[in-house]
Amino acid sequence: MLADMTTPTPTQHAIQVRGLTKSFKDVEVLRGVDLDVPPGSIYALLGSNGAGKTTTIRILATLLRPDGGTAVVNGHDVTTQAHDVRASISLTGQFAAVDEILTGRENLTLVARLRHLPNPGAIADDMLARFSLTDAGNRRAGTYSGGMRRRLDIAMSLVGNPPIVFLDEPTTGLDPQARLEVWAAVRELAARGTTVLLTTQHLDEAEQLADRIAILHEGRILVDGTLAELKQLLPAATVEYVEKQPTLEDVFLTLVGAPTGAPTPTPAKETR
Amino acid sequence: MTAHTYADTAALTGRSLRHIARSPDTIITTAVTPIAMMLLFVYVFGGAIDTGATAEPYVTYLLPGILLITIASGIAYTAYRLFMDMDKGIVERFQSMPIARSAVLWAHVLTSLVANLISLVIVVLVALAMGFRSGAGVGAWLAVVGILVLFTLALTWLAVVAGLSATSVDGASAFSYPLIFLPFISSAFVPTASMPGPVRWFAENQPVTSIVDAIRSLLTQQPVGNDAWIALAWCVGILAVAYGLAVAAYRRKVA
């Protein structure tokens with residue numbers, strides 16, 4: 001089990017997708033998606049609602065079978081070697097899938113046990129500390145704020161250090177501070193060498209986080225490349241002098257105080 | 001089947017047992033309705049009911065049916081919990097991990113078994129307080145427990161089908177209403193001999209009657225006869241069909 005997680009079969013890419021198709025009834029959601037995600041990168045799949053982002057992620061996470069095409073994750077085919085794929089990945093879905101009746105610590109311990117790791121309790125404490133949840137560790141996850149819940153969700157995904165992490169719209173429904181916290185967590189992951197494939201419909205999120213960006217539209221990848229490469233697709237910008245106004249985000253974060261390295265846990269109860 | 005099937009099932013069963021420990025009201029509410037029925041039938045209607053058995057109090061006659069009603073109302077929580085897990089993406093989280101896939105369902109089934117056994121014990125204790133007595137030996141009691149466990153497993157797998165296929169919380173738990181009603185058209189409350197033709201035919205040929213009769217005979221030390229085998233056949237039959245349906249529904253749902 002552990003061997004699968006630590007020794008990826010030598011391939012050029014962490015994720016390689018060719019001609020992926022998927023239809024639901026008579027709706028063609030994916031019409032031939034090609035994707036190459038280099039290992040250790042943050043790769044953003046950018047697209048509007050209904051573009052096929054979640055469907056792509058669900059196929060890569062072995063939750064859905066493709067109709068056609070191939071997808072290889074960490075050297076394992078998603079349809080024929082699903083169990084090996086699952087040992088290499090973790091998925092954080094659109095809505096924080098935490099057990100609200102269990103405490104944060106119990107949620108993490110459970111995942112560590114299910115990944116068959118030694119010392120689940122120690123791993124849980126470690127993760128709580130890493131995600132600034134130590135104080136809330138013994139409280140039921142149902143009492144967490146949206147940001148805390150999302151942090152717990154991501155912490156649960158990272159138990160066992162899977163080499164590839166899927167984040168499906170990780171900041172949807174979060175307030176600006178919680179969003180920055182999630183961004184910091186994602187950057188830290190990539191710094192540790194984890195490959196991150198995230199979906200987003202926020203352009204700035206892709207711009208801020210991603211090493212490479214692919215734009216998914218109506219079931220096809222329109223373009224992909226680094227931000228600089230994508231910007232070259234349009235004619236060079238003309239230079240204009242504009243008085244720089246603070247953005248609303250700048251104003252908001254200045255007034256309420258931007259989160260520093262260690263995010264402040266807000267005990268407010270929030271439903272998503 | 002992977003090498004981790006047992007460990008994974010144990011971890012997930014521990015999780016749902018925690019849910020029950022933190023909401024013990026689910027066990028209480030499971031036991032309250034059958035207990036209320038037992039009180040109602042023993043102290044209100046019981047005086048007018050002629051079971052034909054003079055030696056035993058009516059509560060002893062009634063108990064087997066009440067136990068089945070307890071199970072039928074208890075399994076609704078399994079459907080509810082499974083539906084919530086599916087709805088909140090918890091099942092998907094587990095499914096995207098390298099765990100034994102069957103562990104998710106078995107954890108709910110084993111939890112249902114534990115919760116229902118606790119509810120059954122509460123109901124039996126109340127029945128004892130109301131005058132239920134049995135001279136049955138260890139063997140007969142073990143047989144009764146065995147039948148109740150099989151019946152719980154059979155209905156729980158039905159609940160799994162409901163939990164997986166429901167589109168709303170209400171739908172997930174409402175499926176058990178007809179199951180709770182079934183004992184009323186059986187030998188659970190009154191002997192079937194008093195019922196008119198077609199009703200009597202239905203009552204005598206539906207699973208509850210044979211199961212109730214088998215448990216009643218065991219508890220009152222009467223010869224069990226064919227009832228035990230018919231009861232067993234019903235339980236195993238329902239269990240096999242429900243298990244098959246549940247696995248099919250699971251495959252459809254989680255690819």
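Just so you know, glycine gets a Cβ as well, placed from its N, Cα and C.
Per TrEMBL, the feature domain 'ABC transmembrane type-2' maps to B:25-253.
Sequence-distant contacts of the transmembrane segment (B:27-49) (same chain, six or more residues past either end, CB-CB distance under 8 Å): 20, 58-59, 62-63, 66-67, 69-70, 73-74, 77, 115-116, 118-119, 122-123, 126-127, 130, 180, 189-190. Residues or ranges marked as transmembrane segment by TrEMBL: B:27-49 (among others).
The feature transmembrane segment is assigned by TrEMBL to B:61-83 (among others).
Per TrEMBL, the feature transmembrane segment maps to B:104-132 (among others).
If you look at the transmembrane segment (B:138-162), the same-chain residues 6 or more away from its ends with a CB under 8 A from one of its CBs are 67-68, 71-72, 74-76, 78-79, 82, 105, 108-109, 112-113, 116-117, 120, 171-172, 175-176, 179, 211, 214-215, 218-219, 221, 228, 231-232, 235-236, 238-239, 242-243, 245-246, 249-250. Taken from TrEMBL, the feature transmembrane segment applies to B:138-162 (among others).
As annotated by TrEMBL, transmembrane segment applies to B:174-193 (among others).
Distant neighbours of the transmembrane segment (B:228-250): 105, 143, 147, 150-151, 153-155, 157-158, 160-161, 164-165, 207, 210-211, 213-215, 217-218; these residues of the same chain sit at least 6 beyond its ends, with a Cβ under 8 Å from one of its Cβ atoms. Annotation source TrEMBL lists transmembrane segment at B:228-250 (among others).
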